[in-house]
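**Q** Dropping a structure here in structure tokens format, bear with me for questions.
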Ligand SMILES: Nc1ncnc2c1ncn2[C@@H]1O[C@H](COP(=O)(O)OP(=O)(O)OP(=O)(O)O)[C@@H](O)[C@H]1O
Ligand SMILES: O=c1[nH]c(=O)c2[nH+]cn([C@@H]3O[C@H](COP(=O)(O)O)[C@@H](O)[C@H]3O)c2[nH]1
Ligand SMILES: NC(=O)CC[C@H](N)C(=O)O
Ligand SMILES: [Mg+2]
């Protein structure tokens, strides 16, 4: 039995990393590789199985990405999904052409033969589709298992060669029986054992970090959020006191956050923490800037400059034995990478400060043990590492902080106003016991928008506050939370009463997509 990961070959899919994550959910380790990697290199990784992802191209168009057909005769079980399925059919002599009917979204699949990857399937399944190309005839040797209105061959298999393909997307939650198909491919068709969970990643990462860092000093950007806390805990387990965490107060934090992070983190972990007040520096650099990407780039750069200063301080404090700090740990997760345009062929939606916002002259080597993972996986690791619930279940808060929640330029007055409104919303949501139900609730100040109000019989001309409570599994998609009206009413009354200058509170009722969670 091969010892390597299940490889997910990325053909530029929206959901490639999601496939890897569903495989890990089925307790088999999985990693993503680009389709540009050669088949020899893939096989050198000793993969247990290979999954070919979806993608935007059409196989019959010149120059469309493909894969060396040697992959299909290497004896490694292969599952093709959507574009990957079309590639498999095309390369092995099947017929692939424009679909008579494109299918996007919820579709009914008729299961003609409930075998193999579709063993025990009901005769019809609701599946999630996104295709305009279809496999019209399966290659020789394949059995057709299912069809839909637009896909005469919607699933096929040749168990003797361990080759499987499906037109729909089993990796998205909108395909209710999708995980069942992935599970059957891995454990029944490919015969893999369920041998991976969060504790494996801890062992793996600790070993990798130890090897990379050696006996050098390391700093970790620590925000109090779960991602950096888990990254810090992993690095601490690997190299102990070589690690110093650096918490930056950039003036864009929420009310009470500095004291809370200093206290909770040190108490929970015992890791060395250096808190740096860099607010003057950040706010001066941000003066007069209202364009979101500019804000993000400035914040990303200032973070690094602050870490550089902190690193010099760490060296100075170490005295005689002090040596340069080469490594910077960040709690970067996969959604930060993909939204910054870092996926293979993915678009830049917004430059997360810790990825797309990094300056070109970065002198640190980055240590990002969570870079391929999603937040719920990180939470599982945090629990396994023994971090307290207050850290593991803390709602996300973006590194650029309130800076990307003031729509308009950033001033100290606007920050103070937003901080008050945000504190009220958080207090009331917490009091109503809604913390776990809500993924996070950005509170946004539309600083340049003014509307007329009447307070104490006087005319006011103030700015609105937007409440943006969302529910989500991994921040890649989100829906607006249906909060109880009385909680909303209470928050609205308190904000307008207590925050002078705010005369309106509005609720954002948009999902992601089409919106994003943060406004900038
Ligand atoms: N105020 C800060 N001081 C130091 N480092 C920070 C700060 N804010 C963010 N970072 C760094 O940037 C990374 C990305 O921020 P991000 O908000 O995505 O993660 P997090 O704060 O650790 O967790 P969460 O997403 O749950 O808020 C962090 O993991 C951390 O390394
Ligand atoms: O550390 C961060 N640096 C950033 O630059 C950044 N931008 C967005 N976010 C957080 O990422 C998740 C997805 O946000 P969006 O739907 O707004 O893209 C949400 O949880 C956001 O709060 C960030 N976190
Ligand atoms: N989602 C996909 O992989 C789409 C595959 C191909 N581009 C099609 O339209 O059929
Ligand atoms: Mg954060």
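In case you wondered, yes, glycine gets a Cβ from its N, Cα and C as well.
Caution: TrEMBL annotation is automatic and unverified by curators.
Source: prediction; values computed, not measured.
What TrEMBL shows for this protein is this:
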{"type": "ACT_SITE", "residues": "82", "note": "active site, nucleophile"}
{"type": "ACT_SITE", "residues": "169", "note": "active site"}
{"type": "ACT_SITE", "residues": "171", "note": "active site"}
{"type": "DOMAIN", "residues": "196-394", "note": "domain 'GMPS ATP-PPase'"}
{"type": "BINDING", "residues": "223, 224, 225, 226, 227, 228, 229", "note": "ATP binding site"}
**Q** For the ATP site (223, 224, 225, 226, 227, 228, 229), what does the 8 A shell look like? I mean other same-chain residues with CB within 8 A of the CB centroid.
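**A** Filtered neighbour residues, in order: 222, 230, 231, 331, 391, 394.
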**Q** Would you mind checking how many other C-beta atoms are within 10 angstroms of the C-beta on residue 82 (active site, nucleophile)?
**A** 25
**Q** Return the residue, from the listed binding-site residues 226, 229, with the maximum count of other C-beta atoms within 10 angstroms of its C-beta.
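**A** That would be 229, with the highest Cβ count within 10 Å.
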**Q** For the recorded positions 82, 171, 223, 225, 228, 229, which sit with their CB under 6 angstroms from an atom of ligand 4?
**A** 223, 225
**Q** Quick one: give me the count of other CB atoms within 10 A of the CB of residue 169 (active site).
**A** 24
**Q** Please name which of the active-site residues listed here, 82, 169, 171, is nearest in space to residue 227 (ATP binding site), Cα against Cα.
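**A** Given the candidates 82, 169, 171, the nearest one is 171.
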**Q** Going along the chain, which residues six or more apart from residue 224 (ATP binding site) have their CB under 8 A from its CB?
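**A** Listed in sequence order: 247, 257, 260, 261, 264, 265, 391, 394, 397.
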**Q** For residue 229 (ATP binding site), which of the active-site residues 82, 169, 171 has the nearest Cα in space?
**A** 171
**Q** Mean pLDDT, the domain 'GMPS ATP-PPase' (196-394)?
**A** 92
**Q** Among the recorded positions 171, 227, point out the residue whose Cβ has the most other Cβ atoms within 10 Å, with all shown protein chains included in the count.
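**A** Answer by Cβ density within 10 Å: 171.
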**Q** Just counting, how many other CB atoms are there within 10 A of the CB of residue 225 (ATP binding site)?
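**A** For residue 225 (ATP binding site), the 10 Å Cβ neighbour count is 19.
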